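Peer 1: A single structure is presented below for examination.
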Amino acid sequence: MTNASLGYNSNIQNNLGPLFQGEIARVVSEHKERYIVRNESGVYEAEITGQLRFTAEERSDYPIVGDWVSITEYDEGKALIHQVVYRDQVLKRQAVGKSGEAQYIASNIDVAFIVEGVNRDFNINRLERYMTLCYDANIQPVFILNKVDLVSDLELEEIKLEVENRLIGVEMLCTSVDQQIGIEQLTALIQEGKTYCFLGSSGVGKSSLINILLKDEMMTTGRIGERNDRGKHTTTYRSLFLMPSGGILIDNPGVREVGMVDSQHGLEHTFPLIQEKASQCRFSDCTHEHEKGCAVIEAVNSGEIPEDAYHNYMKLQKEQEHYESSELEKRRKGKALARMVKDAKRIKNR
Ligand SMILES: Nc1nc2c(ncn2[C@@H]2O[C@H](COP(=O)(O)OP(=O)(O)OP(=O)(O)O)[C@@H](O)[C@H]2O)c(=O)[nH]1
Ligand SMILES: [Zn+2]
């Protein structure tokens, strides 16, 4: 195994700079500040140094799955993480039940496979939601419609048409783990040295797909699972796996809710037509809800923009704005608190 097969490339090397010495490794799994990191020399159980913990101010200062970190081995198979040395774009979402707080899903990802099960609960709004988060992190989305063995050909055609009509320009694959449909096509998409993540609700088949791609090699050892209260095996840890033929896969815990973060850029990419129309509205601060001369509403009325897409856009947009304002509020409070602590210290030291 080489670092290149873990995704290391000249871009990362340039980023480290010529003066960088020491060992680096990639974070392959994380659970409650316990990490597994991996490089060409091996796999290590790792923890962060006291220094890193001391200087870390927020969640984003800690390593996340996909990061490149600098390490030292202090014992057989044990390492200390000194710092995050390379993190490009991060895939994040709003933490469930905590407005204004982003949860970091993974970093340094090239392509996201957004998985939906076609049997029940198929939801195009959710695809758009994931798509927005991906575009926001400069990650290329690919849709996987899984469990096609559970619907008729006609039903599948209808779903495909619905997706194609609304979500333009995204590659789409139909798969069945049970009947081995589409697996070759999926394998063919995966390139050596590139990092892929699997997104989608619990139970859509992400782990099953990863398993089959890895040819059932690693999931049982590499994956640390837990039984939930219904006794069903679900993924609770984020972990990174290597394909036998190259390519790096990141599994993700099933997520019921994927809240928007500061995703304006992603929204613009996911809804290009709405974006285009919005620039033609009479008022530059148009809310596209009721204004006269709103080009978006006009396009919805004429059928140019699908009504469902419009409603979903408005919903995601509002969520995004809410996130931004609550994040701002949090920062303000955080700053005020820091100032108070400083002042208190100053008074004490007089
Ligand atoms: N019929 C059918 N069942 C499938 C297919 N793919 C997965 N399943 C089943 O769906 C269930 C859930 O699959 P998982 O792979 O655990 O789903 P997941 O998305 O990883 O779920 P979480 O780990 O909770 O996020 C399992 O019982 C699988 O056997 C498929 O293509 N067809
Ligand atoms: Zn408007």
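Keep in mind that glycine also has a Cβ here, set from the backbone N, Cα and C atoms.
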Peer 1: Which single residue out of CYS197, CYS294 does TrEMBL record at the Zn(2+) site shared with CYS281, CYS286, HIS288?
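Peer 2: Given CYS281, CYS286, HIS288 bind Zn(2+) in TrEMBL, the matching entry from CYS197, CYS294 is CYS294.
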Peer 1: Rounded to a whole number, how many Å is the Cα of LYS206 (GTP binding site) away from the Cα of HIS288 (Zn(2+) binding site)?
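Peer 2: Rounded to the nearest whole number, the Cα-Cα distance is 37 Å.
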Peer 1: Taking helix as H, G and I and strand as E and B in DSSP, count the residues of the domain 'EngC GTPase' (107-256) in helix, strand and coil.
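Peer 2: Looking at the domain 'EngC GTPase' (107-256) with DSSP, the answer is 49 helix, 39 strand, 62 coil.
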Peer 1: Among the binding-site residues LYS206, HIS288, point out the residue whose Cβ has the most other Cβ atoms within 10 Å, with all shown protein chains included in the count.
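Peer 2: Neighbour-count leader: LYS206.
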Peer 1: Enter the number of other CB atoms within 10 angstroms of the CB of GLY200 (GTP binding site).
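Peer 2: Its Cβ shell of radius 10 Å holds 25 other Cβ atoms.
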Peer 1: Including all protein chains displayed, how many Cβ atoms other than that of VAL148 (GTP binding site) lie within 10 Å of its Cβ?
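Peer 2: So the number of other Cβ atoms within 10 Å of VAL148 (GTP binding site) is 24.
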Peer 1: Taking a cut-off of under 6 Å between Cβ and any atom of ligand 2, tell me which of the binding-site residues GLY200, LYS206, SER208, CYS281 pass.
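Peer 2: With ligand 2 as the reference and 6 Å as the Cβ limit, the list reads CYS281.
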